[in-house]
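Among the features that TrEMBL reports, domain 'Electron transfer flavoprotein alpha/beta-subunit N-terminal' is placed at A:3-182. Per TrEMBL, FAD binding site is recorded for A:202, A:227-228, A:241-245, A:258-265, A:279.
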Ligand SMILES: Cc1cc2nc3c(=O)[nH]c(=O)nc-3n(C[C@H](O)[C@H](O)[C@H](O)COP(=O)(O)OP(=O)(O)OC[C@H]3O[C@@H](n4cnc5c(N)ncnc54)[C@H](O)[C@@H]3O)c2cc1C
Ligand SMILES: Nc1ncnc2c1ncn2[C@@H]1O[C@H](COP(=O)(O)O)[C@@H](O)[C@H]1O
């Protein structure tokens, strides 16, 4: 048994979801090797080399890999695949974009979004927006898997000492060209890695009103999330969406403000340790899963919350 | 330009799925079924490209049992020109679906395949990417804006950090995200007209695709229940409970 993990990074920093994926890989058993494909990503390579449990790092450093395009990176992964029983990535937008291509090229199934490793061939994953939990067994020679971060602790980032191996293959992506990125800059913790999240829904009424949540988030060191309705209404950018089709989060504390609690939203946050809901409708479904519910107008409750923290 | 749209019939998004008491699978008997919401967006995008004069024909396809013809008729009523049902069991694995769609895309000579990013039953988010790999086509997944021009599609994608724009050469595969467009509703006269639009039925054997899956469902269980908690009456009570009872803030 040996597992190849495809790391996720922006050529300078390793994305934390990779650490959770490495834990899943360690649970499968055997050697854990990590591919860092990028351009000028030496610092990522150094970060990966010290992760406890990783014994080898493949380094594919070339301009063609700068934007992590699925078209060529899938082929690069396939070149390495024959030595591995398992190939894993985080179930992030980058991982979801890439890995099904790898599976198809290897003519095997992909197991999406696992939250548990039962054994080296049996995995647990939510389906139907988390309203059913499926245990699936694969008899494919190579198991191709994306890993939901909230299902696994982060691997220990310091203390390991992996070998570095250079991968020479340069595979072009001539049918797909990167045009631009509009990434949202924020000083707050990343949503999927935050231990406290304050989220706003349609009840916030406008993008400006999200400033109210910032005050609370500042005091709690929290990330800010949103429902789809808040994103659709243009209050906040898409990268803040929590839910079945947005991000899955499981912080220690999730505060839902002006969010009704549709199943698609719950799918992304109901594994949070403690859930607080602030909503003026006492029958809002969110209260059925909230540990602490406050029936109140958010425009009064949120400023008061900020000043009492 | 010809567009192939793949649509899937799934549980209606407003319905909470039941699980069989023996935990062998979900129970879909007498459950309301609809077109997967992401596929509705795919159909809508194809229609808009046709209305703009970019596309000349829209072929809509589904892989599944006869009941899926209903979903195809919906797409025809919305504006697709022709439909193809590939007769197969429902809940086929994504790789087999992708192989069947690859054959259809090749036979039809489609310049663009548009599909949903994810089926809300399996939550797989795989089929489009697999199809693109099998055909060695470029892909733009999770699209929130599509512009087709001069033999390529410039697509804005919703990614974890914000947005990314890619230019992909046609033929290509695009998968839709929720904000790409707002699908229209079918009008009654169009629903009547759709009954007369062509709908072909094919089998995997005719298409020369072998269906196999090495993935077996061991069990399907309900998620752990979250017991509803308490209502607090004031912000100060909330803060006190978070500090002293839940101990999640200090
Ligand atoms: C295929 C599909 C995928 C989806 N994926 C997602 C997803 O990933 N994430 C997601 O969130 N949604 C998703 N949705 C949408 C989901 O079904 C709901 O429409 C959405 O979650 C509703 O957002 P909301 O709770 O903010 O808005 P609403 O349901 O409109 O709720 C607003 C709430 O705010 C409260 N409120 C209003 N004013 C105040 C006030 N002054 N003070 C206090 N409370 C107030 C109201 O009582 C109400 O409960 C998806 C839908 C589909 C079809
Ligand atoms: N049985 C099917 N028939 C037609 N299209 C499908 C089928 N299954 C999946 N698809 C397409 O693939 C998309 C993504 O599905 P999935 O990869 O299963 O999450 C769907 O939105 C459809 O466009």
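From the backbone N, Cα and C atoms, a Cβ is placed for every residue, glycine too.
Owing to the predicted nature of the structure, the values given are computational and were not obtained by experimental measurement.
Those binding-site residues from the list A:202, A:244, A:259, A:262 that have a Cβ under 8 Å from chain B Cβ atoms: A:244.
Least crowded of the binding-site residues (A:202, A:265), judged by neighbouring Cβ atoms within 10 Å of its own Cβ: A:202. The highest number of surrounding Cβ atoms within 10 Å, among the binding-site residues A:241, A:244, is found at A:241. Taking all protein chains in view, 19 other C-beta atoms sit within 10 angstroms of the C-beta of residue A:262 (FAD binding site). DSSP assigns residue A:244 (FAD binding site) to coil in the three-state reduction, outside any helix or strand.
Cβ neighbours within 10 Å of residue A:259 (FAD binding site), excluding its own Cβ and spanning all shown chains: 31. Computed over the domain 'Electron transfer flavoprotein alpha/beta-subunit N-terminal' (A:3-182), the whole-number mean pLDDT of the model equals 97.
Secondary structure from DSSP puts residue A:259 (FAD binding site) in coil.
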